[in-house]
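Q: This is the feature table in Swiss-Prot:
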- G2: N-myristoyl glycine (LIPID)
- 94-97: motif 'PTAP/PSAP motif' (MOTIF)
- 94-121: region 'Disordered' (REGION)
- 97-121: compositional bias 'Pro residues' (COMPBIAS)
- 124-127: motif 'PPXY motif' (MOTIF)
- 361-378: zinc finger (ZN_FING)
- 384-401: zinc finger (ZN_FING)
- 399-425: region 'Disordered' (REGION)
- 473-551: domain 'Peptidase A2' (DOMAIN)
- D478: active site, protease (ACT_SITE)
- 582-602: region 'Disordered' (REGION)
Amino acid sequence: MGQIHGLSPTPIPKAPRGLSTHHWLNFLQAAYRLQPRPSDFDFQQLRRFLKLALKTPIWLNPIDYSLLASLIPKGYPGRVVEIINILVKNQVSPSAPAAPVPTPICPTTTPPPPPPPSPEAHVPPPYVEPTTTQCFPILHPPGAPSAHRPWQMKDLQAIKQEVSSSALGSPQFMQTLRLAVQQFDPTAKDLQDLLQYLCSSLVVSLHHQQLNTLITEAETRGMTGYNPMAGPLRMQANNPAQQGLRREYQNLWLAAFSTLPGNTRDPSWAAILQGLEEPYCAFVERLNVALDNGLPEGTPKEPILRSLAYSNANKECQKILQARGHTNSPLGEMLRTCQAWTPKDKTKVLVVQPRRPPPTQPCFRCGKVGHWSRDCTQPRPPPGPCPLCQDPSHWKRDCPQLKPPQEEGEPLLLDLPSTSGTTEEKNLLKGGDLISPHPDQDISILPLIPLRQQQQPILGVRISVMGQTPQPTQALLDTGADLTVIPQTLVPGPVKLHDTLILGASGQTNTQFKLLQTPLHIFLPFRRSPVILSSCLLDTHNKWTIIGRDALQQCQGLLYLPDDPSPHQLLPIATPNTIGLEHLPPPPQVDQFPLNLSASRP
């Protein structure tokens, strides 16, 4: 898991779409074993090949890397062939025996010797998805021998997440690394990869210097099993058979963190201050947690905690500690002294900033004296002429050339009655005339539909159903009808009708009118384009042709009541036999109390 020499913005290349994360980690793990390290071009060619392989039928789960290698074209660019060959070489066959489960060892028996590792034990097997989720760290059972397992990407990410909130060399940092070393039994190569993944290049260089110093001292002092003729300690620690030397190298690698030179800048825990209203015990608890995570291992914490508990406290707690003489007392005395302290209620004071006097210089916008330019009502002048029309009086955003041209509405014909009395202008309720055209625009008159007592508002229209030739007919304009009604004679051939319930003046009916869900075109005399309806009512008795609100709302019209020149006539009112309310239920028999009880008083 060494560094990748390239220009990739992230240390982990992104997986191609459609490929599982654990499969992509297997390919990355094999690519990182190449010498020299893979480049960005190699990862780009690997992603391109995997995108093509995902579309083939041999892409199964688990992946057969032998079949996958047969798909690589001859002379394919990059190092894809080497990466696939590493996976083919280390692929676990389905018939391989399962790993033996370590049995618990009794105190009276001696532990069995560990099986001899294979010569290629440093090569990790392909990643297998675990059946149950496990959390880092995982400790081995007591007495069970630890088996070497190289790092996987998810292991390195888990370790880095654990130490991300701890300072370098702190107890939490060192405890996490000890658990990782105890669990994975890493070699010298694995420890170097872990160091490069967790720390910066400067820390890696300093750790390398301290580790070389400790190794030289250990080789001079002598170690059990160390043979100077077999090579340096780092090389002998990579041998899986040398368990003792590997343990010694791991301890030296951990000890190199405690001997790193301290940081020159102030640590983060030195900047922790007590708030104005923060309790003293909460402030000391924050200091204690920060020192546990930030102090190097072996550094005494108690004197630093006592010093910061006084120097970083607020002024009121410092005055209390000074008055009691506990500026450098044990921490328990300081906590008991300040435990009864509570922040005083601060008197709220309204701070009003006085307004600056107006300037004596003239405003650069309007040239007047007595106000600031930000308060000037004059708009900001443009810096120069408009680049579109060369007019210096407006900005480019206000240029009239940028405004879209106004679309002219469709001219409507005028359908006025022939009587001369209807052409007189009428004054509206709040002033103005009936028609007030703009002087700069053409007059566009909406259709006027008269309503007279002598005759019904009937228009001559043409109706086309299902793309047939429009047929002329007389239609009644009814603003109280929700849907348009046409007779069945206008519909050519048999069509599919739907039952519907109609509520009219004479009650409910579900036999005379049917619902026709067929496109309908209505040609009105005052409109050039036809009115298109998706459905309408069909009169099976062929009595009614009604233009309802669904058609009238598409053509903006105006209903008016013309003046009747004849004198008014008083006619007797005859109550009809059926008024259309017979279908409603009878009203409830409930006594009605007077709304105003005070009105019934004498």
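Cβ atoms here come from the backbone N, Cα and C positions, even for glycine.
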Q: Using a 10 Å radius around its CB, how many other CB atoms surround D478 (active site, protease)?
A: 17
Q: Need one number: mean pLDDT over the motif 'PTAP/PSAP motif' (94-97).
A: 42
Q: Please work out the helix, strand and coil residue numbers for the zinc finger (384-401) from the DSSP assignment.
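A: Reading the DSSP string over the zinc finger (384-401) gives 5 helix, 0 strand, 13 coil.
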Q: When DSSP states are folded down to helix, strand and coil, where does D478 (active site, protease) land?
A: coil
